[in-house]
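To start, the structure itself, in structure tokens.
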Amino acid sequence: MFGFIEGVFLVLTITEFILGNLVNGFIVSINSSYWFKSKKISLSNFIITSLALFRIFLLWIIFIDSLIIVFSYQTHDSGIMMQLIDVFWTFTNHFSIWLISCLSVFYCLKIASFSHPSFLWLKWRASRVVVGMLWGALLLSCVSTMSLMNEFKIYSALTRSKDTPNMTEYIRLKRQEYNLMHVLGNLWKIPSLIVSLVAYLLLLLSLGKHTQQMQQYSIDSRDQSAEAHKRAMRIISSFLLFFLFYFLSFMILSSSRFLPETRIARIIGVVISMSYLVGDSFILIVCNNKLKHTFVAMLPCECGHLKPGSKGPSAS
């Protein structure tokens, strides 16, 4: 039944889908154009471009999933179609999350300043460390996707047993096992979350100490460099906040099958996920000078907060 909640959900989904494709498509087109013209691309821009491209795929997958939730919810957890969506979603989403982690580590090693020997060793080898992380992320994404095979086998056994009489207890146990496997699939995301959290917190700690020192020794408390570091801290905090909200959406989607209002929980999880894919990509534009300058030039009126002269944490 198509009600008020489904109507609002559909409007939000379509709006976020269009905005997400525009924002991420802008990142891909601008960076690809510079790459084609100069025949080279920095590691950070390569990661950002790859991330935007994978987010476009994610937006399409989530949009298709949203249409199934609204118009054919009874078939949402069944059939080959949903298994294909699960496979593409798992790989694309897992690799996208690791791309965020790689970008976080890269910014941390490039911007943060600590005197610890281990940190300095990693800082001098930042590019090699991040490239190694990218290969590891690709491998882990493949492994996490292959782990779905066991979940599909359980679901297949569950489907076959429905047509067999006197199998109530077996069906109940298999359903519990299937739901548990689905929830445990989120454990693959924990390592990338920890890596990103550590990188973000180190960045905030380093920028906070640096800003404090500059305010202490600077005659003018509104020193341009201090203001730049404050802006960087706000941007990093925004990244962290969006990232935590994205993981919250996973928890909602995974636990939805254990809640009385399963459909509502899934709707909330989908809206949060798509909001993240739009909002976080916009922050990527704001904190990247090349993307920001092009974006501001395309605006019909000049925005004070996005003037080309204002610098983010990344100058690449």
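Cβ coordinates come from backbone N, Cα and C, glycine included.
Quick caveat, the model's predicted, so the values are computed rather than measured.
As annotated by Swiss-Prot, N-linked glycosylation site applies to ASN166, with the evidence given as sequence analysis.
For 1-7 (among others), the entry in Swiss-Prot reads topological domain 'Extracellular'.
Residues 99, 102-103, 106-107, 127, 130-131, 134, 284, 288, 290-291, 294, 314, 316 of the same chain, all 6+ positions outside the topological domain 'Cytoplasmic' (29-50), place their C-beta atoms under 8 angstroms from a C-beta of that stretch. Taken from Swiss-Prot, the feature topological domain 'Cytoplasmic' covers 29-50 (among others).
Residues or ranges marked as topological domain 'Extracellular' in Swiss-Prot (evidence: sequence analysis): 72-86 (among others).
Mapped onto DSSP classes, the topological domain 'Cytoplasmic' (108-128) shows 15 helix, 0 strand, 6 coil. The topological domain 'Cytoplasmic' annotation in Swiss-Prot covers 108-128 (among others), and the record cites sequence analysis as its basis.
As annotated by Swiss-Prot, topological domain 'Extracellular' applies to 150-186 (among others).
The topological domain 'Cytoplasmic' annotation in Swiss-Prot covers 208-234 (among others) and rests on sequence analysis.
Taken from Swiss-Prot, the feature topological domain 'Extracellular' applies to 256-266 (among others), supported by sequence analysis. Within the model, the topological domain 'Extracellular' (256-266) shows a mean pLDDT value of 68, rounded to a whole number.
Annotation source Swiss-Prot lists topological domain 'Cytoplasmic' at 288-316 (among others), citing sequence analysis.
With a cut-off of 8 Å between Cβ atoms, the residues of this chain six or more beyond the transmembrane segment (8-28) that come close are 48-49, 52-53, 55-56, 59, 62-63, 66, 69-70, 267, 270-271, 274-275, 277-278, 281-282, 284-285, 291, 295. What Swiss-Prot lists as transmembrane segment is 8-28 (among others), and the listing cites sequence analysis.
Look at Swiss-Prot and you will find 51-71 (among others) tagged as transmembrane segment. With a threshold of 8 Å between CB atoms, the same-chain residues lying at least 6 positions outside the transmembrane segment (51-71) that come near it are 2, 6, 9-10, 13-14, 16-17, 20-21, 24-25, 27-28, 31, 81-82, 85, 88-89, 92-93, 95-96, 99-100, 103, 263, 266-267, 270, 273-274, 277, 281, 284.
Per Swiss-Prot, transmembrane segment is recorded for 87-107 (among others), and the stated evidence type is sequence analysis.
Long-range contacts of the transmembrane segment (129-149) within the same chain: residues 43, 47, 83, 86-87, 90-91, 94-95, 98-99, 101-102, 105-106, 109, 122, 185, 188, 191-192, each at least 6 residues beyond the stretch ends and with a Cβ under 8 Å from a Cβ of the stretch. Per Swiss-Prot, the feature transmembrane segment maps to 129-149 (among others); the stated evidence is sequence analysis.
Counting only same-chain residues 6+ beyond the ends of the transmembrane segment (187-207), those with a CB under 8 A from a CB of the stretch are 94, 97-98, 100-101, 104-105, 107-108, 111-114, 137, 140, 144, 147, 229, 232-233, 236-237, 239-240, 243, 247, 250. Here Swiss-Prot flags 187-207 (among others) as transmembrane segment.
Positions annotated as transmembrane segment by Swiss-Prot, on the basis of sequence analysis: 235-255 (among others).
The annotation transmembrane segment is assigned in Swiss-Prot to 267-287 (among others). Residues 5-6, 9, 12-13, 16-17, 19-20, 23-24, 26-27, 48, 51-52, 55, 58-59, 62, 65-66, 69, 100, 232, 235, 238-239, 242-243, 245-246, 248-250, 252-253, 256, 295, 306, 312-314 of the same chain, all 6+ positions outside the transmembrane segment (267-287), place their C-beta atoms under 8 angstroms from a C-beta of that stretch.
Listed as Cβ neighbours of the transmembrane segment (87-107) (distance under 8 Å, sequence separation of 6 or more from its ends, same chain) are residues 43-44, 47-48, 50-51, 54-55, 57-58, 61-62, 65, 126, 129-130, 133-134, 136-138, 140-142, 144-145, 148, 185, 188-189, 192-193, 195-196, 199-200, 203, 236, 239, 243, 246, 280, 313-314.
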